[in-house]
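Among the features that Swiss-Prot reports, domain 'Fe2OG dioxygenase' is placed at 78-180. Feature annotation from Swiss-Prot assigns Fe cation binding site to His98, Asp100, His161; the stated evidence is sequence analysis. According to Swiss-Prot, the 2-oxoglutarate binding site annotation covers Arg171.
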Amino acid sequence: MLVCIPEVLPKSEVAEFRRLMDAADWEDGRSTAGAQSAMVKRNEQLPPDSDLARALGRRIVSALTGNPKFVSAAVPLQIFPPLFNRYAASGGHHFGIHVDNAVRGDHLTGLRIRTDLSVTLFLAEPDEYDGGELVIEDTYGSHEVKLAAGDAVLYPSTSLHMVTPVTRGARVASFFWLQSMIRDAQARSMIYDLDNAIQALVERLGRDDPETVKLTGIYHNLIRYWAEV
C-alpha cells in the first residue's frame with residue numbers, strides 16, 4: 001500500500017526548514033547505510049545526531065501524529081527520528097535499487113524498531129530539480145513519486161526502491177521509518193480501507209447513525225485483534 005499525504009508541512013514551515021538546512025554542514029549519506037545500501041548510495045545527509053536534525057525531526061513527527069490520514073494508514077507505534085538528505089546534480093547523486101534494513105536503532109535514545117513502513121517527506125518543489133524520482137516497486141509494478149514540498153509518501157519498508165539520478169538542482173527531503181501497531185501489511189491495508197469507508201459514511205449519515213456506530217465498533221475490534229503494543 002502506497003499512500004500520499006498532502007500538506008504535512010505548510011509552505012511557510014518548509015521555507016524555514018530549508019533556510020536552516022542550507023546553512024548547516026552536511027556529511028556523506030553512506031554513514032547511515034547498511035552494507036548493501038552503501039554500495040549504491042550517493043547523497044549528502046544532515047548529521048543524524050545534530051541538534052538541527054533532532055529539532056526538525058521532532059517537528060515532523062508532531063505534524064504527522066496530528067495528521068488523520070497518516071495515523072489511519074500507518075497505525076503508528078514507534079516513529080524513528082527523521083533523517084534529512086540532499087541529492088545534488090553537482091555531486092552526481094542518486095540511490096540505486098535497495099531495500100531498507102529490517103531493524104533500525106537510535107543510539108541516542110535507545111529506540112529500536114522493526115521497520116514496517118518507510119516515509120519520505122519532500123522539502124523541495126518538483127520544479128527545483130530534474131530527476132530525483134523515488135521509484136517504488138511492488139507486485140503491481142514500479143511507481144514514480146515526486147511530490148510537492150511539504151507532502152509525504154508512506155510505503156512498505158519491504159519494497160525495493162531507488163532514487164533516480166538528479167541532473168539539475170537539488171532534491172531535499174526527510175526520510176524515516178516506523179513500526180506499526182499492525183505488523184501484517186494486508187491487515188493494515190484493510191484497516192485503512194475500512195476507516196476510509198467509515199469516514200465517508202459519517203459524512204453522509206452522521207456519526208450517530210446505527211450502522212456507522214456498528215462499523216466503528218468492528219474497526220476497533222479488528223485493531224484490538226491485530227494490534228501489538
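Sequential numbering from 1, following the chain as shown.
The backbone N, Cα and C atoms fix where each Cβ goes, and this holds for glycine too.
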Asp100 (Fe cation binding site) and Arg171 (2-oxoglutarate binding site), distance between Cα atoms, whole Å: 20
Taken over the domain 'Fe2OG dioxygenase' (78-180), the model's mean pLDDT: 97
Fe cation site shell beyond His98, Asp100, His161, criterion: Cβ within 8 Å of Cβ centroid: Ser37, Phe95, Ile97, Val99, Ser118, Ser157, Ser159, Leu160, Met162
Tertiary neighbours of His98 (Fe cation binding site) (same chain, Cβ under 8 Å, six or more apart): Gln36, Ser37, Val40, Lys41, Leu160, His161, Met162
Local backbone state of Asp100 (Fe cation binding site), from DSSP in three classes: coil
In the chain carrying Asp100 (Fe cation binding site), residues 6 or more apart in sequence that have Cβ under 8 angstroms from it: Ser37, Thr115, Ser118, Ser157, Trp177
